[in-house]
Amino acid sequence: MLIPSKLSRPVRLDHTVVRERLLAKLSGANNFRLALVTSPAGYGKTTLVSQWAAGKNELGWYSLDEGDNQQERFASYLIAAIQQATGGHCSTSEAMAQKRQYASLTSLFAQLFIELAQWHRPLYLVIDDYHLITNPVIHDAMRFFLRHQPENFTLVVLSRNLPQLGIANLRVRDQLLEIGSQQLAFNHQEAKQFFDRRLSSPIEAAESSRMCDDVAGWATALQLIALSARQNHTSAHHSARRLAGINASHLSDYLVDEVLDNVDVSTRHFLLKSAILRSMNDALIVRVTGEENGQMRLEEIERQGLFLQRMDDTGEWFSYHPLFGSFLRQRCQWELAAELPEIHRAAAESWMEQGFPSEAIHHALAAGDAQMLRDILLNHAWGLFNHSELALLEESLKALPWESLLENPRLVLLQAWLMQSQHRYSEVNTLLARAEQEIKGVMDGTLHAEFNALRAQVAINDGNPEEAERLAKLALDELPLAWFYSRIVATSVHGEVLHCKGDLSQSLSLMQQTEQMARHHDVWHYALWSLIQQSEIQFAQGFLQAAWETQERAFQLIKEQHLEQLPMHEFLVRIRAQLLWAWARLDEAEASARSGIAVLSTFQPQQQLQCLTLLVQCSLARGDLDNARSQLNRLENLLGNGRYHCDWISNADKVRVIYWQLTGDKKSAANWLRHTPKPAFANNHFLQGQWRNIARAQILLGEFEPAEIVLEELNENARSLRLMSDLNRNLLLLNQLYWQSGRKNDAQRVLLDALQLANRTGFISHFVIEGEAMAQQLRQLIQLNTLPEMEQHRAQRILREINQHHRHKFAHFDEGFVERLLNHPDVPELIRTSPLTQREWQVLGLIYSGYSNEQIAGELAVAATTIKTHIRNLYQKLGVAHRQAEDDGVRGLRQNRQRPGV
C-alpha cells in the first residue's frame, strides 16, 4: 500500500515569493531530457518546482525518503507517479510494479517506455530529494531511464548534490537544464518581496538588500530572520547579523536559540515528537503527540511558519522541511531519549491501524521493540513476502533474537523462504534442522509439514529428485487443505519429480492440480510453472497440438497477470520455439528463441544457453552451416563458463553432434565421445536425448553395433514410459544407422514407423535434419505409391523442406572454404591471378544451387542487370562460355571441398 503523501505535489502557499526569473528558465524544460535543480538544504528547490508545476496536469511527483533505497519500493512509487500523470495509461507497468513481477528495474522501465510510446503529449516526472538514493542499482536504472525515455518526457530531479545520472554526457549533448544554488539564492528584489509578505511592518529596500547579502540569499536564513523577528519582537537586522556566514551544518545552535527556545513547552514537545514521522496526518499526530485535534494543531504549526508543509491538495498530509525535520529528530534523541521508544511504538500502532505495515515496521525497529516487531511480522510478513519486500523482511528478522524465532517457528519458515528465494539452498536446510532441534516441546505436525514442503522445493532445485519426492509426499500427507501455499509447493514438486522419472500421466495430473490450486489462490508464478510443465509433458507424450494449446493458456496467463518479465517467461517461449522447430516453422521458432534471450537480457549470459541452442538448431535445419558455426562458438564459450542442468547440456550437445555429422567432423565427435559421461538411466526426455547424442556420434564414427544397442534400449524405455516424441526421434536415428550400414530393409521398416508416429507428433524438422539419405528413402517410398495418404503427404512435405535445406547449404561459399580452395592444385590459374570478389563468390554459390538470374538478384537485393555483369566476369575468370559449363565447374570445386586437402 502506497502512502498518498509521497505522490502528492506540495501545495503552493499564498505568502511564497514567485520566482519569475527561475520560472522563465524552467518554462523551457520540455526541450530537455533532464531538468536538474541542485543546492544544499533550504534554498527553495521544492517551492520553486512546485510553483512551476502548478497548472500542469500531466505531471507526476515523487517525494523520496530514506526507505526508497529499496529498488522494489522505488519502482512502485515511480510508476505510480507516472500513472497519476497519465491518468492510468501505463496499466501493465503498474501491475508489474505492484506485484514485483519484473526481472530488473531496467526491464520494468523498458516496458514502461513501450506503453509511453502511445502517449504523445508532454509529460513530466518530478523526483524530490534524490540525494537520499545511495543504491547503485537505482542509479544504474535511472541512467537507463534517461537514455531511453520518450522525446516528449522530461525528468525533473531535485537534489542536494550532483546525482550519479550521467550528468556530464547529458550536458555535452545539450539535453540538461540546470539550476544551482547560485541561481536559487534570493536576489535583492525577491528578498524585499519576501519580507513584505512575512513581516507586519515594512522595512526599507536598503535594509532588506543588506540582510539578503548578509546571508547570501539563502532562503532558509531569510525565513528564520522573519520568524525570529515575529517571535522576539526584535529587529530583523539583529537576526540577520547572527545568521551572517552561517550554513546548514551550523544551524543547530541557532535553531535552538531562535526557534525552539521561543515557543511554548507544549509546542516544543509537539515539534520534537512529530518529527519522527516521515509523513503525518491527523490520526498519526493524535497517537504520537497526544493532541486531541491533530489536524487543527498541524494547521496552527503551519501558520506559525515553523517549516511545516502540506503534501497534498486536501491538506490531509504534512511533512517538515527536510532541514528542519532532520534538526528536530536530532534534538528529539537528545531531549526525549527516554520517551523515544514509546513515541515510535505509538507511531507503529497508528501506521498499522491505517494499513501501512512497512511504515509500522520502520518504527518498531526504531523503538527496538522486538515483541511489537514480532507481532507485526506474524500478521503481515507473508503479505510483504508475496509483494517482494524481501530486504525489509530480512532486516526485521535479523533484529529478532533467535529465541523469539523459535517461539514462533513460522518466522523461522519465513526466514528459510527468504533464503530459498535467494538460492541459498544449503542455508535453508541448516536453518530448518537447527530450528527443529532447538524448538522446545513437540513440534506441530502442520509446521513440520510446511518445513518439508520447503525442503522438497530446495531438493528439486538442487538436483535431488529422490529426496524431493520423499519430502513432498510427507508434506502432503500432513498438510491441512487450508494450508494452500505449502500444498501448492509440495504438489508441484511431486509432479516435477514424476516427470523426471518418466511417469508422465501421473505427473500431468499433479501439475493440473497445481494449476487449479494456484489459480484459486492467486499464486500466479506456480500457476505459470504448472502450465509450462504440462506443456513439456504433453510434448514428451507426442501430443504436440495439446502442448501448443497449453502454451496458449500460459501466454494468456502471462498477459492477464503481467508476468512478462519473470524468468519463467523465457522457459515458455523456449518450449514454444522447440515446438515450432519440430513443425519446421523455422522463422517463428527463431523469433521465439530471440524473444527468450530478450527476456533474459538482464541476467547472466549463461542463462541464455538454451535459447542459443535453439538458434543453432534453426540454422542447422536451414542448412546454414556458416551461421551455425558462429553460434556454436558462442554456445561452446558459455558451456565452458558455467554449470548447467543435464537437460541443458543434452540440448547443447545435440546441436554440436548434428553439426559434426553435417560437416563430417569425426575428430570432434570422437573427442566428445571419449569425455562424455554416460547417463545411468534413460527414463526421461533429457536422459533419452543425451543417449541419443551418444548414438549419433557412434554412427558418425562407424560404430554401428554399440549405437544399435543404445537405440534399441532407448526405444524399449520410450515405449514403456510412453515417451512418444523420443521414440519418434529414436526411430529416425535408427533409420540412419540401418541405412549407413547397408540394412536397407530395416531402414525402410523403421522409417515407416517414424512416418506413422509423426502423424501424432507432427515432426518435420527431425526428418529434414538427416539430409540427403532421408531424401533418397522418401523418394523411393513415394515412387512405390504404397504410403497411406497422411504419410504420403508428410513425406512430400519433408522432401520439399530437405530440398530447401540442401539448396541453402550450398548457396554460399564461406570464407574458410574460399581460402582453402584458392590453395588447391585443381583450381583454375585464372582464379588465383584474378581472384573473384566476395560478391562473385556469392553469385557462384547461388548458380550452383540452381538459382535463376532473377532469384539471385532477389537473394542479393540488387538489380538483374548487375547480376548479369557479375556472371560475365565469372565466365571470363572460369574460362567458360555458358552457364551449364560454369555449373559443371562449380560442381568440380564443390567436390574438391569434400577432399581432405580442402
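Every residue gets a Cβ built from N, Cα and C, even glycine.
According to TrEMBL, the ATP binding site annotation covers SER39, PRO40, ALA41, GLY42, TYR43, GLY44, LYS45, THR46. The annotation domain 'HTH luxR-type' is assigned in TrEMBL to 829-897.
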Ordered by sequence, the long-range same-chain Cβ contacts of GLY44 (ATP binding site) under 8 Å (at least 6 apart) are ARG19, LEU184, ALA219
Counting only residues outside SER39, PRO40, ALA41, GLY42, TYR43, GLY44, LYS45, THR46 in the same chain, those with C-beta within 8 angstroms of the ATP site's C-beta centroid are ARG160, SER181, LEU184, ALA219, THR220, LEU323
Spatial neighbours, same chain, of SER39 (ATP binding site) - Cβ under 8 Å, 6+ residues apart: LYS45, ARG160, GLY180, SER181, LEU184
Near ALA41 (ATP binding site), how many other Cβ atoms are within 10 Å of its Cβ? 20
If you count the C-beta atoms lying within 10 Å of each candidate's C-beta, which of the binding-site residues PRO40, GLY42 ends up with the smallest number? PRO40
Cβ contacts within 10 Å for LYS45 (ATP binding site), all chains included, total 24
Take the domain 'HTH luxR-type' (829-897) and average the pLDDT across it for me. 68
With every protein chain in view, what's the tally of Cβ atoms within 10 Å of the Cβ of TYR43 (ATP binding site), excluding that atom itself? 26
Using Cβ-Cβ distances, find the residues under 8 Å from THR46 (ATP binding site) that belong to the same chain and are at least 6 apart in sequence, listing them in sequence order. PRO10, ASP128, LEU158, GLN309
